[in-house]
Structure formats: structure tokens, C-alpha cells
Amino acid sequence: MMVDLAKEAFNTQNFQLAVEIYERTIKENGPSLELCIGLADSFASCGHFEKAFDTYASAFRLGNLTQSSLKHLVSALVNAVKQDSIATSANMSKSFMFTCTICRGLFNEPVTIPCGHTYCRKCFERDQSKACRTCGTLHHLVRTSNFKSNVLLMRLIESWFPNECKASCLKSEGNKFFERRKYDRSIEMYSLAIELSPHDHLLLSNRSHAFGCLDRYSEALQDAEKVIKLRPDWPKGYFRKGCSQFGLNLFEDAVVSLLQCLALDSEVQAAKDFLAKSLHKILSPFPDDDVKALALKNQFNPSLLTRLIRANFSSSLLLPHMTVHKLEQLKDIIDETLCSATNFLLEQEEVKPSFDHVDMEEQCSSGHVSFGQNDNNVLPLNFKSASEPSSRSESPVFFCRGSRSRSHSPSGRNIDINRKRAREPSTTQPPLSPQESPQKQQKSEEIVPMDISKILVNVEDFECSLCYRLLYEPVTTPCGHSFCRPCLDRCLDHQSNCPLCKSTLAEYLAERRQTRDESLENIIKTYFQKEYEARKKLHEDEIAELAKMGEDERHHIPIFICAMAFPGVSCPLHIFEPRYRLMIRQCMEAGTRQFGMCIADGESEDEFSEFGCMLEIRDVQFFPDGRSLVDCIGGRRFRVLSKGHRDGYNTANVEFLRDVVVKEKDMEAVNKLQEKTYSEVKSWFENLPGIQRNQISRHFGGFPSYDADFQGNPNSTAWLWKVLPVLPLDPRIQLKMLAMTSYKERLEGILRVVEYIKRRQSS
């Protein structure tokens, strides 16, 4: 009964009351696993973490804790250390001009995916999530086998980074030796490569791995530390460090390093496995005769984990640079690994770290070490465990729990003594000072544009092969070639093949990609800033010129030669000719969304009528082959003053028309004429056959409502223009109506037409 009351209090978030009920029940009835877990959950939810861990430890003595038993503890820890998200570095994108955001190394066979970001081919192939690490876009249907390497980036890397390319070849040789388990030879190759490229963290990581396979954990740890110093945001560096610390029996240090790895990438399965093994070592109890010594040591020399518990996991001490998102990811990791560690207590065999299951192809994420989504903007954890002699005693679980009975047989005693001695490290590692935190290291070593010899930097390498100007808004096709985006779009208006290699770009065209190659764009902006600004100004001037079309009373506008268009009347168009594809695209990019519509006037395709109507683009729907359906509506009328050409389509210098204002003395006559004309047209429409009337209604809508106000509108009343395309008139007569600037004359003309049609129908 009391347990039910405690659970009800906990569920209503009255945690203090739940604590009181659980404590009273335990005092009266004695401890049990259920009561201890309930009390521990209540303590954690109240924020009393020291008492919570003490109670969890008591529960651990009574039985195995399951994963679900710790969910309230982890949730409480997450809530206790919530912080605002870390601001994204403005220079972050520039830091990855030549480096892959998965392996953090120089591009090796760079492949630019549809979202515009570039990765090493093998990195993206082995990333099971198929999500871009930079923008998060999912690419489930993308097959890297269909994408060729970025030709321009490969040429730049080979030219600008010759030593790094040689080091990459040596690394490949070292990887081959490693696969054959010739670790000494692989270390020789990696060392030669490091001499050529001393700041390549991948080489150091590979060598650390090889050292670990030879049980040379001290050297492996040194290389792992260098990796973290070079790339504090790369999770595998912390994984290498954790494996080395595990081999040196620095289990608390290993736990912290592996948690740092998982905080940066929660999908590293190998890190989870080693974390579980490390927790197993920490949770394993000491012999009874060591309890007092361990408790005394814990009092005078508490570990970071102990201090965190006593400080109720203060965010300034625990995770000063960690986001809530990362902490929530750690919640699942801690649940899973603690549960796994509990299961490990049943094992009696000593565990030795195995490095053979980790692939040595460090140019990309290891195939067996599953690296999932990685937040490139989150800095590593700003803390480091201090491993003192017998550091296992400072475990957050052990320091507050009693001893467990154990067999005193000679063999069992030797195992305990050996385990105790194995946990005593040869050296101590003091905590990082604020000046030495990973965030400080990252800021002090923030990646800046690499210094490239001016002899190698040539702007001609970045010329578009279509316009022979500096690449602007560069895009890279699946075949690996790079062009200005506007240039490639114009080529694809004519044919769906690459302009250089003639490979099909039908899929590229169907996706209507507008993303730019971010790596190339950042390189151009960084190393050719003046040239880029000049190229940008040239492009902006071209767009500004397009935007001016139709801005004044007399200006050039693009002309579409097709059919009659009228003010306020919908005009759907099927665009398939390359020149008109370009025209529509330019109207959209310039922001005008307008062009002129005229009918043909003569045998030549460049001859068009003297009068026309502006069309405003309301919507564009593209077909996979580049064709489009454009939904337009009529706007202002115009008269052509002169004709011209631009980019293959017609243009015209036009004068916009507006109806003359009706004089006051003529207002009454015009109103009567308008009423009569509207009545006659409506009568004619209603007497049409039902099928014909329905077809007109589906295409143009229902019969327009009457609008008596025509003064002040440059096109007078809207109903008249909606009626005009419905009447069975020759386009030349419709054109004359469009050209009229007298509303009265237009009404008289329509009235005569309707009366003529009625006479013919009655005869």
C-alpha cells in the first residue's frame, strides 16, 4: 500500500514526498530491490545525486539493475546540466575546404553528393546513415558508384599538397601490412608517412592502432593524445585514446575518453563495447580487507567522477561545452552500457582489448566501427579523468557501496590481488586546467586557410569551361566535372548530357538541383577574393539588368511569341523550347516573374505583333526532362516600339498602355453601354449548348460578375477581358480590342460582335 502511494507521488512529480514514503517503508520493512530503486529514482529526480548513487549502489548489491531501472537517473542528469546550444563557428565551413567532415582528413577520391557537400568516396560509402554530416540531408537513393570523383578537387589536391599525397600512398602500404598482421612493418610505413605529413591525424591514429595490436599501449596513448590535439572534434581520436587507456588498465580514464567519443558520435558500436568492458572493471568489487583503505583514499583524493556526484553534476564541472542534444544521446549510451556492464559481472575470464576488429582504412570511418551522424560544431567534453593508484576505488558506484562476500580460496585470492595490482597505473594524469581544455585547444589551433605557394595558385584552374570566366555558384555533376550553375542550366536546356564528357545528366536534370559545390566555392572565396568579388558583381549586374525589364514605362522586356493574352485572364503555358526555358529561369532568378506575350505576325519566327500583354508567373512545375508547366496571369498591355534579341529569345522596347479617362459628360452614356453589353454577352453565354458552356467554364471559370467601376483602372473593368477570349473572334480582332485605349470603343466593338453572333444563330 505504501509503495503504491510512493509511486503515485513520484508520477505526480512530488518527489520529496516519494522520498519520505520510501525511506519510512525501508525503515519499517527492510530494504528490497524495488524499494531501493524507487528511493534512488526519487533522490535523482530531486537533484540529490550523492544520495541517489549511494542508494543505486545498495540496489546493485541486492540484484542486477536493468536498463529501464536507470532511466530516471539519466533523465535527471540531463535535466541537471542543460545548457544552451553551442554557437556555430562562422569559419567552420572554410575549415573543410580540403578536408572530409567524416574522417577530418585531406580528401581522398573526393565525391560531391547532391546537396553540394564533398566527402571521401570510402567515407560516404561506409556511412550507413546515408545522411550528409554537414546539412543533414538524407541520400538514401544515392549510390556512390554512380558518382565519379570531383576532377577539379583531385587536381588541386595533387598539385597543392604533394607531400600529403605521398604520405597517403605510404599509408596505403601500411594498411596492407596491417591487414596481413605485419604490425611492425605497418608502423614503419606510418612513421615514414608522418615524417612527410606530421600533422595528419589519420596517420597518427593508424599508428596508435598498430601500437595497440603489439601491446605497446604507452606509445599508442601518445599518438592518440596527438590525434586529439590536432582534431579535438574527431570522435575516433577519443576512441583510440580510450582503447590505449584500457590496455594500460586506466579504466576510469578509458570511461571518460570513450564517453567523449560517444558524445561526438553516439553510433560508434566499438566504443560502446569498450565502455561496457571498462565499467565492468570499475564495478567489480575489491576484497573485503581493502574497503577501509579505499574509503580513506576516496575521502582525501576523490576522482573527477566522485567530485561530479558530490557537486550534483554541476554543469560547470561536468559538461561546460556540451549541448542538451548530446546529453540526450549520452542518456541512451549510459543506459545501454551500464546494463551491459552488469551482465559482464557474470563473466570470470579476464578481458584483453582486441584491436583486430577495427578496420585500418582510416581515410574513412571504419567498417566495423560504425560512425553515425556527427555534429561538426560541437566541441569535445571539457574534462579528463585523473587515474590515481587503485583508481577503481573512486568509481561513482564503488565509493559509496559496501563490500560483497567473495570466496577466500587461494585461486580466488590471487585473482583479486592481480586485478588490484593491474589497476595501479605507473603515472598519474592531473585534470586539465581551464587553459588546457579541448575547447581552448580547438580555438588556439582553429583551422585557417592553408598557406599554398603562390606559384601553384592559378585562377585559370577555376575557369568555367563553358563561359571561360571564374566559376560562379559552382556545381559538380555526377560525372565529376564542375561548371557555373547558370552555364550548366543553359546547356541542359538543349540536351541532358555533360558538356565535357557527354555522360547523361538526366537524373541530375530531373532533380532540379540548385545546390552549389561548397568546397570549391570556399576555395575560390578564400584564395581569389578579388576575382570572386569582380565575378559576383558581373553576375549581379546581369541580374539587375534583367530585373529592370518592365520597370519603367519604356524598357526592354522578354517576349514570348505564342498566343493572345489578356489582362486578368489565366494563361497556362507548356515550356519546352531551350530559349524559353532560359527566359523563364531568368525571369524567376531576377525576381521580376514577368514577360511579354505576343502573337506571331509574319512567316519569320522573329516577327511578332505590335501589341501584346504582360504575363506574371504564378507557379512553375517542372518535368524530369526539363520541360515545365507555367501558370501565368495577364497584366499590363503594351505597344512595341522596337525589337531586339537576348540569349536567343526576342526582346522589345515597349510602351505600356492604359485606357483614357472617361469625361464626366460621357459617364452616363458609358454606364448604360456597359450594362447593355454585359447583359447581351451574358444572354449569349447562357444560351450556348450545355457541353460548350461547361467546357468554357472549366477553362476560363464561370461567367464573370458585373463591375460598374471602370475609372482609375488602366485596363477598365475585369469582366470585359474575361469575356473577350470566350467570344468566337479572329485573333486579329482580339488584338485590335487589346490595342484600344478607349473603353467606350471597346464596349461598342464587343456589343456589335455579340449582336452579329445572335443574328446568325437566329437565322
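Numbers here mean position along the shown chain, with the first residue as 1.
Glycine is no exception: its Cβ is also placed from the backbone N, Cα and C atoms.
Residues or ranges marked as domain 'RING-type' by TrEMBL: 100-135 (among others).
Under the heading repeat 'TPR', TrEMBL lists 167-200.
Here TrEMBL flags 380-446 as region 'Disordered'.
According to TrEMBL, the feature compositional bias 'Low complexity' maps to 385-396 (among others).
Per TrEMBL, the feature compositional bias 'Low complexity' maps to 425-441 (among others).
Taken from TrEMBL, the feature domain 'RING-type' covers 464-502 (among others). Under 8 Å from some Cβ of the domain 'RING-type' (464-502) lie the Cβ atoms of residues 112, 116, 118, 146-152, 508-509, 513-517, 520-521, 524, 528, 531-532, 534-536, 538-539, 578-579, 581-582, 585, 589, 625-626, 647, all in the same chain and six or more residues away from its ends.
Taken from TrEMBL, the feature domain 'Lon N-terminal' applies to 554-758. Mean model confidence of the domain 'Lon N-terminal' (554-758) amounts to 88 (pLDDT, 0 to 100 scale).
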Helix, strand and coil residues within the domain 'RING-type' (100-135) as assigned by DSSP:
6 helix, 8 strand, 22 coil
